[in-house]
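S.K.: A single structure is presented below for examination.
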Amino acid sequence: MSVLGRRGAGLAARGATLAPLATASYLIRPFSALNRPPPKYPGHVPLTFFERGALAVGSAVGSLMNPRRADLIAALGEATATPYFIYRLRDAMLSDPTGRRILRDRPRITSETLKLPYLRTLPENSVGRTYATWLDREGVSPDTRNSVKYIDDEECAYVMQRYRECHDFYHAVTGLPTFVEGELALKAFEFLNTLIPMTGLSIFAFVRLKPAERERFFSLHLPWAVRSGLASKELINVYWEEILEKDVDELRKELGIERPPDLREIRKLMRQQQKREKERLQGKS
């Protein structure tokens, strides 16, 4: 056999040996960045197990460093919601008549769908007016919520989107503000109500609170979150768009939500007390 013939035979044998290895490698790694399955809905980004883990760790660290990074908090929520927790929330909706209607209708919460100018004309203690007043006071908009993209199941992606867009209603009904102390209190409440891991992980941001804020969180608002979170009905099954004219006190009673201590008023009183104490000390000097 010629040299070229022997070389060709060797290459053929090597190819036969490597073929099973290549097949095994393909089975171990279902897809790569260059061979990714098509998205299952607009904006969907499929992730491998390791990519999802890296996203969870990176977004957790980043959001702890800067709790105002809504994009990182959103990514953390999606990366840690599967495979179990978002399905549990979806099943909670499927087991409830109103939840099933929400899944069928798939409403979206935006400034257009809610008609904010109309909400501002509703009675002062109505759900819609309370919501609009809270948005105006906090300077936020329902149009700023990130779209879900890292959850594979299309229906579960909507469930996460619904939770995300209802978050400001939870703020409005409880009266909790958007600064870190208020967000932590609401996240603790949401964790016990929804079991979404991100809401529980967010509580670790208490390390960024000042000593007085930390003491207040653990003595006042965390106990409130535990009581209300365990006692309240599944908030994901509230069809907010249909109860905008309802009395907010009546709604809290129906849902089993206790009104938390007014955080803004507490901070205001503490500032006044500190000011008086400072003036008293200056008067002595």
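Here the Cβ of each residue, glycine as well, is placed from N, Cα and C on the backbone.
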S.K.: Do you know which of Glu181, Glu183 Swiss-Prot groups with His167, Asp168, His171 in the Zn(2+) site?
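M.R.: Matched candidate out of Glu181, Glu183, per Swiss-Prot for Zn(2+) with His167, Asp168, His171: Glu183.
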S.K.: Around the Zn(2+) site formed by His167, Asp168, His171, Glu183, list the extra residues of the same chain whose Cβ is within 8 Å of the site's Cβ centroid.
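M.R.: Leaving out the recorded residues gives Phe169, Tyr170, Ala172, Leu176, Thr178, Leu186.
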S.K.: Who sits close to His171 (Zn(2+) binding site): which same-chain residues at least 6 apart have their Cβ under 8 Å from its Cβ?
M.R.: Trp134, Glu138, Pro177, Thr178, Gly182, Leu186
S.K.: Near the Cβ of Asp168 (Zn(2+) binding site), how many other Cβ atoms are there if near means within 10 Å?
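M.R.: The answer is 21 other Cβ atoms.
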